[in-house]
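To keep things clear, I will list the structure first and then write my remarks on it.
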């Protein structure tokens, strides 16, 4: 190695010396500096190569054989090796970098406010895609219903990228903003929880009422994925959706709460999300005063404390533990009746891998769980400059197209009987 470095130095004119060194010359200080630089560079390249060698892994796909065959045919990404951004090592860094630096695509929404039976209102943001060349008829244009994360809404960067995936394929999309999260005024002292699916049911009923002949697919991120899965389990064959797709869903809320309360995770994620929940309460403080002691709520330092002081009071739970058990979708999967693809990363700091329902999914014909070794929480960054389209958006694009373009094939693969025409 020393000989190679000396040969390299022979061809380099050092900045602080006008002499070109001979390969057989003694190791003077400038040459040693050059050698150290070469060795450091070589070691860095070696480490980088090792990273790519060990990080290039094919995601694990847990599903029935028939559903797996369908996904391999129509969603080739499930069989491709996933390599995370080399300088973005670890799930925490992936999550932080994606949240801070992901590009924000320009999207123009059409907002609609719909009313609920309790006198509240829900904000929906539509992209009608009237210019669709594939589906010129609005009445039959496939629709994607998007459910953002805990404090997210239609303006979240990851939502904007999903909207782009939908519209470029000629489909329509609508973003379901949880009560108070979309900037609309709260009319009643009710917000949202991961276990209460009444608002989602109202939204699906509204969308299907507008376009009864258009298939609807639900896509949920993190908390939105929990809500979607709970809804699909509760409604079974009457969900009004043809399929579901989730990203970074917390399968067991108790285990997720414990994970996000670890010191570093609390500092990076828990505190930020709790502050977001508190800001929503502040915006609607006047109407929410009826719930309880708002000053006490606003002193919450964790999501669990916020739920203990606010959420469980709204929805009638005796304890936060009861609420989290009710909100966890893992054991409810057997009650679902539509094709569902779920994407999770083993290094997700908010959805720990010890909560992944592997054994449950293995026995279900309609659910597939795709697991990557890296990817963080709603991140899955790739490439040296991972600020645009990522693995999760590409996978979603392939799946939504497979669902809408091959409806009979996916039903057959998941053991779902075709509805008979009357």
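Cβ atoms are placed via backbone N, Cα and C, with glycine included.
For 222, 348, 377, the entry in TrEMBL reads active site, charge relay system. Taken from TrEMBL, the feature domain 'AB hydrolase-1' covers 142-383. The transmembrane segment feature in TrEMBL is assigned to 30-56.
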Alpha-carbon spacing, residue 377 (active site, charge relay system) to residue 348 (active site, charge relay system), which is rounded to whole Å: 5
Under 8 Å by Cβ from residue 348 (active site, charge relay system), same chain, sequence gap 6 or more: 91, 95, 248, 375, 376, 377
CB contacts for residue 377 (active site, charge relay system) [other CB atoms within 10 A, all chains]: 27
Nonlocal residues around residue 222 (active site, charge relay system), in sequence order (Cβ under 8 Å, 6 or more apart): 149, 150, 247, 248, 249, 250, 350, 351, 377, 378
